[in-house]
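Q: So TrEMBL says this about it:
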type: TRANSMEM; residues: A:6-25; note: transmembrane segment
type: DOMAIN; residues: A:10-83; note: domain 'Glycine transporter'
type: TRANSMEM; residues: A:32-51; note: transmembrane segment
type: TRANSMEM; residues: A:66-82; note: transmembrane segment
type: TRANSMEM; residues: A:94-114; note: transmembrane segment
type: DOMAIN; residues: A:95-169; note: domain 'Glycine transporter'
type: TRANSMEM; residues: A:120-140; note: transmembrane segment
type: TRANSMEM; residues: A:152-169; note: transmembrane segment
type: TRANSMEM; residues: A:175-193; note: transmembrane segment
Amino acid sequence: MGDCTAVTPLLDLAGVFVFALSGALEGVRKRFDVVGMVVLAFFTAVGGGVMRDLFIGVQPAAFRDAGYLLVPVAATVIAFFWHRQVERAMPGVLVFDAAGLGLFCAVGTTKALYYGLAPMHAVFLGVCTAVGGGVIRDVLSGQRPTLLYDRQLYAVPAMLGSTAMAVLYTLGVRGFAATLSSAVLAFTLRILAMRYGWRAPLARGISGST
Amino acid sequence: MGDCTAVTPLLDLAGVFVFALSGALEGVRKRFDVVGMVVLAFFTAVGGGVMRDLFIGVQPAAFRDAGYLLVPVAATVIAFFWHRQVERAMPGVLVFDAAGLGLFCAVGTTKALYYGLAPMHAVFLGVCTAVGGGVIRDVLSGQRPTLLYDRQLYAVPAMLGSTAMAVLYTLGVRGFAATLSSAVLAFTLRILAMRYGWRAPLARGISGST
Amino acid sequence: MGDCTAVTPLLDLAGVFVFALSGALEGVRKRFDVVGMVVLAFFTAVGGGVMRDLFIGVQPAAFRDAGYLLVPVAATVIAFFWHRQVERAMPGVLVFDAAGLGLFCAVGTTKALYYGLAPMHAVFLGVCTAVGGGVIRDVLSGQRPTLLYDRQLYAVPAMLGSTAMAVLYTLGVRGFAATLSSAVLAFTLRILAMRYGWRAPLARGISGST
């Protein structure tokens with residue numbers, strides 16, 4: 001959702017595509033019909049950006065640009081016919097998901113700063129952009145949001161990427177280079193967290209079985 | 001929510017009433033108290049329109065017009081005292097629900113076009129107006145949204161009605177006649193889908209038991 | 001969220017703190033990780049106000065003021081280390097929760113009236129401000145919203161406090177005294193309802209086991 005940033009729209013739509021694919025696959029797993037698949041694809045992909053835009057107080061970009069609607073539809077078609085093949089490629093999909101996470105947190109933070117929000121709130125909205133769609137996907141598919149309990153570092157890399165973006169922006173480093181390096185930071189941390197099993201802590205004295 | 005269309009407010013409030021009744025009855029079935037009933041009645045009836053207005057970027061009509069609050073309250077009172085009688089009349093209620101579906105998709109699409117959205121997004125928001133309240137009702141009452149898995153053609157008739165509306169509007173055919181014929185199209189398709197058991201497809205290779 | 005009222009920001013943030021604490025504790029009970037705790041703390045505390053602001057059509061105050069972000073973070077830190085102690089103090093916490101309920105309904109109603117909404121809608125949004133965060137907390141933590149079924153008088157005291165506020169405001173009695181007396185009314189009714197077990201009715205003929 002980079003309408004105010006230097007991220008090429010192509011990169012942005014790549015993030016939308018990966019998130020939409022994860023939503024459509026969740027629909028297949030839950031035996032939803034094609035309507036359920038496209039709803040999950042759309043809201044997983046753009047739900048975080050829609051939340052961010054509503055919280056900033058502007059009309060959500062997702063309802064102005066054809067790509068935000070057509071890309072989730074395309075992801076649904078792919079999942080409809082080739083979900084087995086995509087599931088088998090999941091480790092690869094997770095890498096793309098991490099790329100989407102990095103990109104969305106950087107773009108979301110930039111947009112919030114551009115509209116005059118304080119850095120602290122911009123970081124929060126960057127994280128919302130990156131993780132909000134997944135939370136909506138989980139609520140719609142009738143399960144507790146994975147984000148809240150599974151202890152994988154998912155929001156935390158997004159928060160660090162958003163923070164980097166806010167610092168760079170405040171220092172006057174804007175545009176493509178700043179967005180890309182913040183996105184790469186979040187992406188790298190997310191990949192490392194997956195590889196080494198880094199985990200978010202539970203409250204003191206709470207044992208780990210969910 | 002026809003504040004910018006030629007649909008008579010009476011028709012619009014009839015749609016609100018039927019949707020509110022379905023929300024209040026869901027509250028009775030789940031043994032919710034009167035607070036739960038009125039919350040479900042309200043958000044089932046106006047939730048889709050509220051989503052549409054937030055996505056368009058205008059203040060939701062539901063918070064400007066007394067009818068959108070009073071009609072759900074009236075539906076709750078009726079469900080509170082006479083839910084058995086209304087349940088027994090359910091097949092009849094489903095016809096009214098189909099009428100609400102048709103009306104809401106046509107009105108929602110028109111409003112989005114009126115505010116300058118592209119036809120594709122207007123169709124999407126027309127469907128949101130028609131089906132969004134039911135999704136909110138299901139999420140609030142703690143179940144997976146029926147829309148996503150039950151394979152009944154519910155969103156699809158709304159999509160075709162919205163598409164007809166967008167085509168007519170783009171061709172310059174606006175006002176009551178266009179709204180009514182789009183609504184009748186969606187209504188008819190919905191009734192036929194119920195009567196002949198037309199079903200939305202599952203992803204390839206997924207069998208049908210939910 | 002008293003940016004247009006005479007409520008001292010300190011009182012307002014006290015309400016945010018208590019609601020945030022209840023959200024963070026719910027996260028501990030559900031064995032969510034620290035990310036889940038802070039998400040629940042934030043949305044429980046400010047979710048109702050964010051809904052109100054979106055429904056009024058203004059940018060949510062929660063994304064302009066540092067306190068609305070820092071106070072939920074502080075509540076999460078406290079719940080993370082001392083949840084056992086806070087749980088043991090729950091009866092005391094419920095008194096604070098009732099104070100938050102009273103304050104939020106009065107402040108929410110005032111803000112809606114200030115932005116020109118009709119008294120009826122302002123009362124509705126006052127109740128949303130007070131109870132909306134708890135509903136979001138329950139949906140996110142994967143359970144049916146307590147508000148809808150548990151028959152405790154929670155929304156009803158908020159509605160009466162909001163109504164008192166709307167009446168006073170319409171009569172020209174605005175500012176701190178009006179807000180405080182409406183808040184005290186809702187608070188007192190809530191405390192009395194807890195003490196004497198007053199319950200909201202179920203629909204006619206529905207028996208009470210949930």
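Backbone N, Cα and C define each Cβ position, glycine as well.
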Q: Helix, strand, coil residue numbers for the domain 'Glycine transporter' (A:10-83) per DSSP?
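A: Counting residues per DSSP class in the domain 'Glycine transporter' (A:10-83), I get 63 helix, 1 strand, 10 coil.
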Q: If you count every Cβ pair below 8 Å, which range out of A:32-51, A:66-82, A:175-193 shares the most with the transmembrane segment (A:6-25)?
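A: Most contacts with the transmembrane segment (A:6-25): A:66-82.
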Q: Is the count of Cβ pairs under 8 Å between the transmembrane segment (A:66-82) and the transmembrane segment (A:175-193), pairs 6 or more apart in sequence, 3 or more?
A: no
Q: Could you give me the DSSP helix, strand and coil counts for the domain 'Glycine transporter' (A:95-169)?
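A: Residue counts in helix, strand and coil order: 61 helix, 1 strand, 13 coil.
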